[in-house]
Structures are given as structure tokens and as C-alpha cells.
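Q: Pasting a structure below so you can have a look.
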């Protein structure tokens, strides 16, 4: 599955064995990462980015890979995350197929991918693996920990499990736990993949990739990543030109359908279906309140108590008003919880029309907000 | 496909041939309907209900069928639509599989269902067929025309094409045109059915019903019919008891997943997939502004002008604030458009948490609103 990994990706071995939270362990596992800028002699300028479900570690162009990254307008010299000042690290999530060990990686002692033999993956496992990368790069405390979407969950798990790992925190379109609407959407995406006969309980090959299941999952993703408001203005009821219209019965007819199709085509075969299933489910399982269970503080998961147990000096929490997958109330909850824990936490709801994906496109709003926050550090 | 039709259903033949708006015609077609109450000697107390995608004509218990109907708390003696006063008619939509002629009906001259040989179906065809039923029952003018969801589209098409067909109008969670978010959702539902190998371009049989496609389509429907807000309160992050949990990899684990599964089970095999595809697409195509094109008023569809061309005395427009499929702005647009046409139109946004389905469950809010309106007639 090396075709998924961008050139210039670097690796750090995880401890072997690497125990997994829900049972089992990994042997010979590693994390893919990239960096930008230079670690200061006092090692106090490190900023880690933990990502959403699908991105690789290539957030922006760097010496190892001059191609633009998935967050190019945000990371670089003079950009909101200014690499002249910050030593920026971005990791590919544990369980992904873009360099870090996951279900598509070769299972030690075999010549086959793990597939469904990969142990159950939780957000907390990704957090532990990211903390290991930080330490291995010689950083005791991050100046700032930035998490987007699923990465917002990972960041909170890092903070709750490793007090002092970061001095400040930026949480963008994240959540302290999965809500049932989001669980329902992700469950349906997984069902689409599982129903594809090619999935075959994870035993697909290159020539039997479960393309239609992944296409459905991605389309449903794109629908919930954006917003109805944006699409009203962007697509309206515009039809495809007759030469682009689909001859199949009930085929594509409207621009919005063609947009979904194009998105699905770009995604399918560039992401491993088993990795998708594992990462998707890890989000459903996530509740920061599990901290209370694990520490015997309470018999029930208490998300608020989990948040309030986090100690950071300052935090910036951003979200889009039109986000239906990680709705704004969840970012408000994070800000309030961090404040209850003593942080100076700023909550900035963005009127972006682009929904959950706003942080990947609405740089006019998200850029200055992040830049302003970092300039106060 | 007679198993879909409730007992006590009555029928009215459509003119033969019955021309279809987008081309082709039906021969020997008929409409299924039920009635409640008695038509007054002056024939001025008729109230017609046109429905959403899936309901049959059995809105409530009556002499022909004492079983509760899909809108039982709304229709009956002393209920909001009081059958002691009103002669209530409910039609099954043209193109459905619950009695009215549709793709699952036998194609004349053959022993086979129409399947994809059924002509393209538009909301306007359903409107023409419903008008025919009204006339055939001896009613020149309805005292009130009530349309829910897709039926809200059908009702508007009836009113624009047949001035005077109704004196007043109740539009519930309806829309004057399909917006791109809703088109995207429905397109994905149709794709799920089309991707099911059993669909086989519509040539399935009883023992090769495209069950997994219909299950996916229904689950996506249920997700968009309800709201995140309702589910937070109703399901939270509650897990299934271990004896109900699913042993399959990535199987059901949360209550919300089990809820979707139960809904899908109740729907699958009780609705014909081809009928679903036809009705679903008819909604995407709908724009009341096409009236302007057809009448040479404008070169582009002008939804507002279409609404303002409708002449009714009074209208009540209801919607749920949490509806993501037919969002509240669409009901506001209907009320404003009808008002521009001279109607005394009341717009009542409901704070119901149940989303698009609120009119089927939140009778405490929708019941009194409808009853109050009808009491002013």
C-alpha cells in the first residue's frame, strides 16, 4: 500500500510491543511524520498537528516534498502557522494507510496485510503514538498542540492522558465525544463498505477493491462535511450540460451530483477500506469522559469532567456554525470544559458556509484566528 | 405487488390515455384513495390530503379499514382534521406501489410490471392525477388542500395548474423546489439501490429483491428525516446490551445503530424499489417556477413567481426548525410567496426536535396548529 504515502515522509518506530487500549498489541509499528522549521535550542517552539480521518502527514510543502500539502495556506513561512517561528510536526494517524502502521500494513511474521487482524483501534491509541513521536523528536512539551476534526479528539486524548504535553491548544472543529447523529452517519458509511461484495470481510486485493462501497461512503462523507447553505449558493438547481449527463437510468443530472461523483473518484483507490473502517469506528468510540472511568473518578463517562481535568495555559477553540457532523455545540463544550480546568480558552464560532470542511477551505476566517492566537504565545 | 395495498382501498380510473408531463402516457391507470366523513349537499366541505413518498391512502381508521392509519391522531371525529365536519379524501400518490398505478403495476398488454418502462414521473403528474380524483368524487373546489413533505410539492403543483381547485391550503414541511442538499441525499439513496446487484436495472423478482440497497436508502432517509438534537436526547451514547450486540465485524454496537436497523427492516420488502426511484427523482425535478417556463412568463424557472401566481384565500404553512431535508427557509418561502399572491398566509415554525418527520410524531404541536386554522374556515 506504499502508493498512498507521499514522498519525503519520515518514520519513527513505536515501542515494540505497543499495547493497544482495547486489547492486543502491535509489534514493529511505526509512525509517519513530516516537519517544517527548526527546533529551537531550548526546544520550546514545537507545534504538533494531528489530523482528520483521511489526511497524510504532508500538511504543506517542505524540503522533502515541495508539492502543496492539504493545509498549504496555513503552514509555512509567514503563514498563520509560521514555520520561521515554529518547529511544526504533523503525524499521519496510527491506523491510517499513509505511512503509519495500520490495517493495510504487513502483519509481522507474514507476507499479508493485517486486514481485520489489526487490533481494535481507539482514538487514545493514536494519541499515545503521537505522544511517542513528540518525545522521540526531543520535545518534552509542545508549545502548541493543534487538532482538526478527528485530530481534535486525538489532541484532547493526548492532553488528558499526558498532563503537560502541551502548553497551549488549538482545537478546530473537534469534539470531546461522538454524538449519535455522527455515529449514525459513520455507521452507514461503514455499512456501505461492508455491503460491497468485494470487501469480503476485509480480504480484497488490488483487483477486487470494494470501489462501490467506498464511493458511497465518500459521497455520504462529502454531504456531511459541507453544508446545505453553501450548496444552495454554489450549485442551486443547475443541470449538467447534455454532453456530461449520464445515460444510465437514474444517472447523474444535476451539478451537485457530478460534484459528489468527482469527489468520490478522487478518494476511491487512494484510501484503504479497512483503514477507513478502523479509523471511522475509533471516532464513534471516543468519549473523553472515559478518563473518569479509567481513573476511578466516576462510574459513568463524564465528558465535562474529562475536559476540566486538562491543564493547558491557553486554548483557542474554533468551529463552523454550519457543521452538522461536529456541530458547534461540541466546540462550545470543549471551550467551556477547558475553561473549567483553568485555561484561558477562547471560543470562536465561524459563520463559514462550508460546514465541517470550513477549516480546509475558509482560510480567510480560520487563518487570521489561528495566527492571532499564536501571536499571543 | 398487491401485498403493499391496505384493505378497504378504493380506486378511481384515470382518463386513458393519461398523458405524462415529460413524455409518454399511461393506459388503464388508476388512483387508490380512501375517504372519511360525508360530502355535504353543497359539496363545500371536501379536504384532500396528499402525502409524502411512502404513505398509502390509509391516513386513519375508517369503515373500510379499522386499523390505525399513518396520520391517525390527526384525522377522525373530534381530531384536528375533524371528520364530523370535513369530507376527507386521501390519495396514494401516482407512481407509488400502494394501490395507485406505478412502476410495480402490470404494464397493459403484458403480464409483467412496468419496471423501468414506466414513463418518467414528475410531481406535476401526481398533481394531475389527484385533481382527477377530486373531480371524480364530485368536488369542484376543495375547502382545503393539505400536503405534507412531497405532498407539499404536489399540492403546490395542483394549485398552480388548477386555479380554484382549493379555497384554502395547509402546507406542512413542504417545498416549492428541491435544493441541492436534498437532491444529493436522494441521489445517494437511489445510487444505493442501483448499486445493489439484485436491482438489475429494475428486473428483480420477489426472491431477488434488492434488500441491501433499500436498507441503505431507508437508513439514510431516517437519518435525514430526524434531527441530531432529538437523537442526542434520545440515544446519547447508549450501547446495546451484550445479548443484542452484533457479532459481525464492525457490526451494530450503539442504540442509534439498532434504531436505524429496525426502521430499515420495517421498510424493506414493504416498498417497491423501482417505485422508490421514480418518486424520489420526481422530487429532485420539482421546481414550481417551471410554471413560468410553461406559460412563457420567463425564460428561467422563477419559484417565487410560481408561488405568487397561486390564488387561495387562506393558507397555513408549517415546518420544523430542525428539518434538514425540507429546511424551514423553504416553508417561509412558500408563505411569503402565497402572501405575494394575495393569500392570508400564516407561517408557523415549530420548535419540534424531530426534524422533517415532526408532523408524523409531534402531534402536540402540529395538531392544534392545524385544528386552529381549520376552525377559522
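Just so you know, glycine gets a Cβ as well, placed from its N, Cα and C.
TrEMBL lists these features:
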- A:52-55: region 'Important for substrate specificity' (REGION)
- A:70-359: domain 'AB hydrolase-1' (DOMAIN)
- A:149: active site, nucleophile (ACT_SITE)
- A:186: site 'Important for acyl-CoA specificity' (SITE)
- A:218, A:357: substrate binding site (BINDING)
- A:323: active site (ACT_SITE)
- A:356: active site (ACT_SITE)
Q: Sequence order is fine: just name those recorded positions in A:149, A:186, A:323 with a Cα within 10 angstroms of residue A:357 (substrate binding site).
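A: The recorded positions passing the 10 Å Cα test are A:149, A:323.
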Q: If you measure from the Cα of residue A:149 (active site, nucleophile), which of the recorded positions A:186, A:218, A:323 is the nearest?
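A: Going through A:186, A:218, A:323 one by one, the Cα closest to that of residue A:149 (active site, nucleophile) is A:323.
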Q: Per DSSP, what is the helix/strand/coil residue tally across the region 'Important for substrate specificity' (A:52-55)?
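A: Its residues divide into 0 helix, 0 strand, 4 coil.
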Q: Among the recorded positions A:186, A:218, A:356, which ones place their C-alpha within 10 angstroms of the C-alpha of residue A:323 (active site)?
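A: Candidates kept after distance check: A:356.
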Q: Other Cβ atoms within 10 Å is the metric here; tell me which of the recorded positions A:323, A:357 scores highest.
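A: Max Cβ neighbours within 10 Å, all protein chains included: A:323.
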Q: If you run the three-state DSSP split on residue A:357 (substrate binding site), which class comes out?
A: helix
Q: Under DSSP, is residue A:149 (active site, nucleophile) part of a helix or a strand, or is it coil?
A: coil
Q: Counting only residues 6+ apart in the same chain, whose Cβ is under 8 Å from the Cβ of residue A:186 (site 'Important for acyl-CoA specificity')?
A: A:178, A:280, A:281, A:283, A:284
Q: Taking just the CA atoms, what is the gap between residue A:218 (substrate binding site) and residue A:356 (active site) in Å?
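A: About 14 Å separate the Cα atoms of these two residues.
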Q: Find the average pLDDT over the domain 'AB hydrolase-1' (A:70-359) in the predicted model and report it.
A: 95
Q: What's the number of neighbouring CB atoms sitting within 10 A of the CB on residue A:218 (substrate binding site)?
A: 24
Q: What number of additional C-beta atoms lies within 10 angstroms of the C-beta atom of residue A:356 (active site)?
A: 25
Q: Which number gives the other C-beta atoms within 10 angstroms of the C-beta of the residue listed as 'active site, nucleophile', all protein chains shown included?
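A: Around the residue listed as 'active site, nucleophile', other Cβ atoms within 10 Å: 26.
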